[in-house]
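Asker: Shown below is the structure under consideration.
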Amino acid sequence: MQGNYKALWLNDDLFDECLEVIDQRLLPFIYDTRHLTTTEEVVTAIKNMTVRGAGVIGSVAAFGIYIAAMEVEGDYELLKEKALLIRESRPTAINLMWAVDKMMELLSASANLIEDARSFAIELNDAEALESQKIAEFGCEIIEEILKQKNKTRINILTHCNAGWLAVIDEGTALAPIYEAKRRGIDVHVWVDETRPRNQGASLTAWELSKEGIEHTIIADNMGGLLMQRGEVDMVIVGADRVSANGDVANKIGTYLKALAAHDNGVPFYVAIPASTFDFEIKDGVKEIPIEERSGDEVKFIRGVDEDGVLRRVRITPEDSPTKNYGFDVTPARLISALITNKGVCRANFDEIKEKFRG
């Protein structure tokens, strides 16, 4: 990437070391960071989406265990109570649960809990960065193959929500192949779904792509199908918050509709994920993956800057109209062309996933 961007980092400039994170709620209008120094602050940051994106949530959770270890002064039994609070902060992204469980497993036999918690969190974070790079390489090979098949020099990719470096350390998942394509000199244009109601595409993905100098166009969520009908989308790449053993994919609400449109128009639909996003305990994702329901205010209100450049939050609905706000949907495996993972590309079915990830 052009810049040395990070969604989170350890900050030891203060009296006690803390986790510093970009406050993603304020982007793209204001770049600001938050210092997380307590378990409560970590949980709140995850819940209120100061940080978001499956991978980054997992990384914050891992460092949250380190912060909690300092709070309880190395007492493992007390740490288990803090870990549970972090683990339950959001229900859909499996990376969160995986990171907490992995940290607690690694620390169960530790004689130096605080020091080891710091080391293990850094190791998990670094491992995720390497996985992101592998996804970039495998995904870019698909981009190159599609260009070759279509005898084109320019590719149009549609993505939904945000699955770049703000969401997954270090280059993301869905955006990682796009960043790699740019490094290889490929002419890339990205259709960016706005991704209502929180507008992660319009606010975050567009901001990332702007920083990287990648050509992109923000579109209304309902426009993707028309673009596919007109042949203006060569492929779709999205990330995921949880993938079941049979290949069903939970991702930001609206992903399922894009997959249906892609399937109907013969557009390949790819999901980019690290190993930690798989939930092998769930056999049928459509029926079993828990779906987070968030506040209806996210639908009723929208945030932006006015003509004077002032950041405002305004209501766009009748005051007394009810709302429904599920944060995710599940795309059945049959609609997915392939999964782009850190271990290579595989079809979204039980046998291929098991062979690649469980031996």
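Numbering starts at 1 and runs along the chain as it is shown here.
Cβ coordinates are placed from backbone N, Cα and C, and glycine is handled just like the others.
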Asker: Looking at Swiss-Prot, which one out of ARG87, ARG90, ARG154, ARG303 binds substrate in the same site as ARG52, GLY53, ALA54, GLN200, ASN251, LYS252?
Answerer: ARG90
Asker: Going by DSSP, is GLY53 (substrate binding site) part of a helix, a strand, or coil?
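Answerer: Once the DSSP labels are grouped into three classes, GLY53 (substrate binding site) ends up as coil.
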Asker: Please report the number of other Cβ atoms within 10 Å of the Cβ of ASP241 (active site, proton donor).
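Answerer: 32, counting other Cβ atoms within 10 Å of ASP241 (active site, proton donor).
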Asker: What kind of secondary structure is GLN200 (substrate binding site) part of, going by DSSP in three states?
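Answerer: For GLN200 (substrate binding site) - judged by DSSP and reduced to three states - the answer is helix.
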Asker: From the centroid of the CB atoms of ARG52, GLY53, ALA54, ARG90, GLN200, ASN251, LYS252, the recorded substrate site, which same-chain residues not already listed sit within 8 A by their CB, in sequence order?
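Answerer: Output for this site, in sequence order: ILE57, ALA93, CYS161, ASN162, ALA163, ALA167, GLY239, ASP241, GLY327, PHE328.
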Asker: Can you tell me how far the Cα of ALA54 (substrate binding site) sits from the Cα of ASP241 (active site, proton donor), in Å?
Answerer: 5
Asker: For the C-alpha pair, I'd like the distance in angstrom between GLN200 (substrate binding site) and CYS161 (site 'Transition state stabilizer'), rounded off.
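Answerer: CYS161 (site 'Transition state stabilizer') has its Cα 5 Å from the Cα of GLN200 (substrate binding site).
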Asker: Helix, strand or coil for ASN251 (substrate binding site)? Use DSSP.
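Answerer: Note: ASN251 (substrate binding site) is in a strand by DSSP.
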